[in-house]
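Participant: Annotated domain 'Sugar phosphate transporter' per TrEMBL: 21-294, in sequence order. Annotation source TrEMBL lists region 'Disordered' at 327-353. Look at TrEMBL and you will find 12-33, 45-62, 74-93, 99-120, 127-145, 151-173, 185-204, 224-245, 252-271, 277-296 tagged as transmembrane segment.
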């Protein structure tokens with residue numbers, strides 16, 4: 001099996017793990033919040049991250065992965081930003097209607113595309129933009145019901161979208177810049193995420209629910225679902241970093257909307273949630289957008305691979321022909337008249353090194 005096939009299998013595995021674990025934790029948390037009345041979402045998320053860190057620490061002790069320290073300031077800022085984005089999303093839900101909150105989540109994809117285009121010079125073809133538009137329209141039709149606007153809620157939603165986009169883009173760029181795996185990054189950033197949410201969680205949940213998380217009656221049934229939710233969250237957090245590292249922040253958001261459609265379907269099938277023709281139509285449109293996005297991404301990946309394979313023989317040919325190497329600027333004459341490999345002029349990178 002070639003490297004490209006291994007990468008594709010790893011990507012498919014990461015996507016599958018993310019979908020299964022995310023849908024599972026949504027069902028578990030719905031039972032915990034809706035049925036058992038445990039409405040402290042931010043505090044629960046801090047427990048998720050704490051359990052994830054402890055699990056990764058055990059895995060490190062068992063030598064299942066290698067600890068690779070890198071820039072501490074990047075890890076700290078990344079971890080705290082992730083924690084803040086989660087808190088802002090919960091605040092956005094608290095101060096807005098459910099419909100406006102769903103619009104906030106839909107805005108993450110175009111915002112991510114805009115940021116990556118402006119700051120990372122990443123290009124998105126018209127085909128990709130078209131497929132994303134269909135996806136967003138479908139999810140909007142399926143999930144957005146009422147749109148009640150207010151100034152504070154809109155401001156919090158804007159902050160939530162920006163921080164979420166930046167945090168997810170950083171997940172991808174940090175892994176590539178420092179050459180760390182998703183496990184290594186998650187292990188080092190988890191404590192900062194957990195601490196930030198553990199500090200603000202009880203106050204934020206108390207403000208939104210008018211209840212005290214420490215005064216809640218923890219029955220055996222509640223404790224069982226909390227433990228189950230925390231265990232599933234290990235897989236959710238790991239697969240999130242894995243998917244973004246192997247693909248991109250945009251692809252992860254597309255996957256997130258697939259999970260939304262699956263949750264709606266499972267809710268209707270298993271929990272008998274209300275479901276009408278608008279939900280069905282929206283899900284079908286969203287699935288069409290996802291299929292088109294996957295097709296266009298695959299086609300562009302194949303085109304780039306084909307271009308790279310065509311450039312490789314040309315590079316080898318230019319290295320074999322001294323005159324062609326001189327003509328292309330990839331070689332220069334030494335003092336003895338022999339062709340030396342290297343650029344004629346130093347690049348800006350070399351000058352500032």
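Placement of Cβ uses the backbone N, Cα and C atoms for every residue, glycine included.
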Participant: If you average the pLDDT over the domain 'Sugar phosphate transporter' (21-294), what number do you get?
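Facilitator: Per the prediction, mean pLDDT sits at 88 for the domain 'Sugar phosphate transporter' (21-294).
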Participant: Honestly, do the transmembrane segment (127-145) and the transmembrane segment (74-93) touch, with at least three Cβ pairs under 8 Å and pairs 6 or more apart in sequence?
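Facilitator: Counting Cβ pairs under 8 Å (6 or more apart in sequence), the transmembrane segment (127-145) does not reach the transmembrane segment (74-93), since there are fewer than 3.
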Participant: Mind pulling out the one from 45-62, 151-173, 185-204 with the most Cβ pairs under 8 angstroms to the transmembrane segment (74-93)?
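Facilitator: The stretch I would name here is 185-204.
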